[in-house]
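Report on the structure given below.
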Amino acid sequence: MTDMYSLFVAFVLGVVEGLTEFLPVSSTGHMIIVGELLGFTGDKAKTFEVIIQLGSILAVVVVFWRRLFGLIGIHFGKVPHEGKTNGHLTLGHILLAMIPAVGLGLAFHDVIKSLFNPQSVMYALVAGGLLLLAAEWFKPKNPKATGLDDITYRQAFAIGCFQCLALWPGFSRSGATISGGMLVGVNRYAASEFSFILAVPMMLGASGLDLYKSLHFLSWGDLPMFAVGFITAFVVALIAIKTFLSLIKRISFVPFAIYRFIVAAAVYWVFM
């Protein structure tokens with residue numbers, strides 16, 4: 001039987017997941033920290049996190065559904081061309097960007113799992129913040145790729161290499177990929193869109209594998225809690241994605257870097 005506190009925990013973590021999954025601040029880091037503060041840890045908590053991540057993924061699918069279906073050859077009307085070249089974003093770009101992190105993730109799965117703790121997250125928050133600053137300070141003044149369809153295969157693979165940094169819990173997958181994109185000549189907005197689209201197969205694969213391994217932790221009694229978390233994460237992520245894409249046309253990533261440093265300091269104060 002799910003009690004009211006469990007539903008409260010589900011709602012809070014759903015908000016945290018939806019709000020942070022696609023911002024360059026690390027959803028995993030925030031989920032670990034908030035989970036520790038709420039006393040919601042262990043195998044059941046990990047299974048819950050997988051479920052609500054699926055809610056965030058669904059939000060990306062809703063926002064980019066035309067582009068996603070277009071990648072697999074299913075077209076619903078004409079998708080606007082984004083960029084100044086005659087190129088097109090293809091499934092090949094996404095697959096190339098997936099290879100580095102998938103390979104490294106499978107090879108070092110156990111090592112990565114051992115890093116899911118507040119101390120490791122604290123260091124990753126700082127490192128990810130420094131990368132955001134580096135992306136803003138050292139990005140090309142005139143990016144070659146001004147839209148999604150300008151991104152080359154080489155740039156896609158390079159972004160995939162940066163994505164490997166996100167295997168460190170607390171680093172931020174979106175932070176790593178967007179920063180990487182900016183450093184290799186993709187403008188901030190296009191890099192963000194590419195990061196969100198890339199998140200769908202990456203997160204579906206990782207979440208699907210984790211869910212398969214965690215099926216025995218699921219019970220019908222937990223269904224209300226999981227439903228609250230899933231729906232909350234979906235709604236909040238939908239709002240966060242649209243708001244973020246609007247904001248980055250006007251602001252840099254410096255505020256996000258500063259926020260990461262503040263959270264890292266808070267983690268040190270609370271957990272160290």
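Positions of Cβ are set from backbone N, Cα and C atoms, glycine also.
Under the heading transmembrane segment, Swiss-Prot lists 5-25 (among others).
Per Swiss-Prot, transmembrane segment is recorded for 45-65 (among others). Note on the transmembrane segment (45-65): residues 10, 13-14, 17-18, 21-22, 27, 31, 35, 193, 196-197, 199-200, 203-204, 207, 210-211, 214, 217-218, 222, 225-226, 229-235, 237-238, 240-242 of its chain, located 6 or more positions outside it, place their CB under 8 angstroms from a CB of the stretch.
Here the transmembrane segment (88-108) has long-range neighbours at 67, 71-72, 81-82, 148-149, 151, 153, 156-157, 159-161, 163-164, 166-167, 177, 194, 197-198, 201-202, 205-206, meaning same-chain residues at least 6 beyond its ends whose C-beta is under 8 angstroms from one of its own. Here Swiss-Prot flags 88-108 (among others) as transmembrane segment.
As annotated by Swiss-Prot, transmembrane segment applies to 115-135 (among others), with the evidence given as sequence analysis.
The annotation transmembrane segment is assigned in Swiss-Prot to 152-171 (among others). Through the fold, the transmembrane segment (152-171) approaches residues 26, 28-29, 32, 87, 92-94, 96-101, 104-105, 108, 112, 115-116, 120-125, 127-128, 131, 145, 177, 179-181, 183-186, 191, 194-195, 198, 202 of its own chain, all at least 6 residues removed from its boundaries and within a Cβ separation under 8 Å.
Non-local neighbours of the transmembrane segment (189-209) in the same chain are 21-22, 50, 53-54, 56-57, 60-61, 63-64, 67-68, 71, 82-83, 89, 93-94, 97-98, 101-102, 105, 143, 145-148, 150-151, 156, 159-160, 163, 173-174, 177-182, 241, 244-245, 248-249; each lies 6+ residues outside the stretch with a CB under 8 Å from one of its CB atoms. Residues annotated as transmembrane segment in Swiss-Prot: 189-209 (among others).
Feature annotation from Swiss-Prot assigns transmembrane segment to 221-241 (among others). Within the same chain, residues 1-2, 6-7, 9-11, 13-15, 17-19, 21-23, 44, 48, 51-56, 58-60, 62-63, 196 sit at least 6 positions outside the transmembrane segment (221-241) and bring their C-beta atoms closer than 8 Å to a C-beta of that stretch.
Proximity of distant same-chain residues to the transmembrane segment (251-271), defined by a Cβ-Cβ separation under 8 Å and at least 6 residues beyond the stretch ends, is recorded for 23-26, 29-30, 33, 36-37, 118-119, 121-123, 125-126, 128-130, 132-133, 135-136, 175, 178-179, 188. According to Swiss-Prot, the feature transmembrane segment maps to 251-271 (among others), an assignment based on sequence analysis.
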